[in-house]
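Undergrad: One structure follows; several queries about it will come next.
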Amino acid sequence: MTSDPGSALQHRKRRHIDVCLTEAVDYQTVTTGLERFRLPYNALTQTDLDSVDLSTEFLGCRLRAPVLIGAMTGGAALSGIINRNLAAAAQQLGIGMMLGSQRVMIDDADAAASFDVRGVAPDVLLIGNIGLAQLQTSMTPGLAAALDRVGANGLAVHTNPLQEAMQHNGDTDFSGSIARLCDVAGEIGYPVMLKEVGHGIGAAAAAQLVDCPVAAVDVAGAGGTSWARIEQFVRYGEVRYPALAEWGIPTAEALTGVRRLLPDMPLVASGGIRTGMDAAKALAMGAQVVAIARPLLAPAVESVDAVVDWLQRFLEELLVCLHGSGASDVAALRGLGVTELT
Ligand SMILES: Cc1cc2nc3c(=O)[nH]c(=O)nc-3n(C[C@H](O)[C@H](O)[C@H](O)COP(=O)(O)O)c2cc1C
């Protein structure tokens, strides 16, 4: 594929998409850790599969299933197509969606069109996005305007020190970033969710959030897409530092670590969530919802139907997981817990 003309940022975003579509960008040795747990199976379930209820609530919005499309893109022309296909699928299925970083939209008003999805997704829970490394308290009004413009229900702030460190000219100064996050979260007038990009928010980071007014945390753990790997492909054309590409807190460990430190915090489980069974385990371990990013990229380049097909298979498996574990709804699943394999 060739790159779109436009700003360096748009060009980089396009390179990310191309690399994600053509290279092996998953962790090669690290897994989510979810395979170490079993969802309890109940041969005497009293549920009727046709009546199992996947609906839930997240950030004040009702969802037909506890699933979000993960933050991916915006800016480049192709991003507009991807975002609209994802959003239309989310609308059909009644699930939520995170937009990719809106930094490009703050720098360049023309890029805003690629984030305009409300026309095809009037009812979805829509979460805007910005990088913690770029976040300044002075940006709050511009950021609020960007969220207003796309009709977002909330803002995800992604923290990505490893990704930025692997990136040519990345933003590597994270000093003072917790204070800026807390300031923006307290001021912006939208619920703010902190997320990683696939290297994991674990117990150490959660301990630093105890007094921060964030509304949710997406652990975005290791075991799925490795952004340290993607950035090395983009920068060097190869993985020069494999140990850094494999670094992160596996999703299951991130989830249990954050849940322990922040018992009441709404949590998103993401990073390598690939099946309905992965989702069921993550929900039983205390997540409110799960999010899926890269598996939806190729379908989103193709069509709305391709995205819906992928997600429908996922949701069908999740439904059977609830039924077979004796959970008639998501709240019952959350109460089940999981069995650790020895
Ligand atoms: C093409 C692509 C672009 C992404 N862009 C963003 C972004 O702009 N902001 C963000 O917070 N996360 C971004 N992510 C990270 C995902 O939201 C997610 O945290 C990560 O890919 C791990 O989930 P996965 O294993 O399901 O892919 C991107 C992921 C992909 C695949």
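From the backbone N, Cα and C atoms, a Cβ is placed for every residue, glycine too.
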Undergrad: For the FMN site that TrEMBL gives with A71, M72, T73, S101, N129, K195, G272, I273, R274, A293, R294, which of T45, T47, T225 also belongs there?
TA: T225
Undergrad: Sequence gap of 6 or more, C-beta under 8 Å: which same-chain residues meet both conditions with respect to A71 (FMN binding site)?
TA: M98, L99, G100, S101, I127, N129, A156, H158, K195, A293
Undergrad: Relative to the Cβ position of R103 (substrate binding site), how many further Cβ atoms are located within 10 Å?
TA: 22
Undergrad: So, three-state DSSP: helix, strand or coil for Q102 (substrate binding site)?
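TA: It is coil.
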Undergrad: From the binding-site residues listed here (R12, K13, A71, T73, S101, N129), select those whose CB sits under 6 A from an atom of ligand 1.
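TA: Result: A71, T73, S101, N129.
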Undergrad: Given the model, what does the mean pLDDT over the domain 'FMN-dependent dehydrogenase' (11-102) come out as?
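TA: Value for the domain 'FMN-dependent dehydrogenase' (11-102), mean pLDDT as a whole number: 96.
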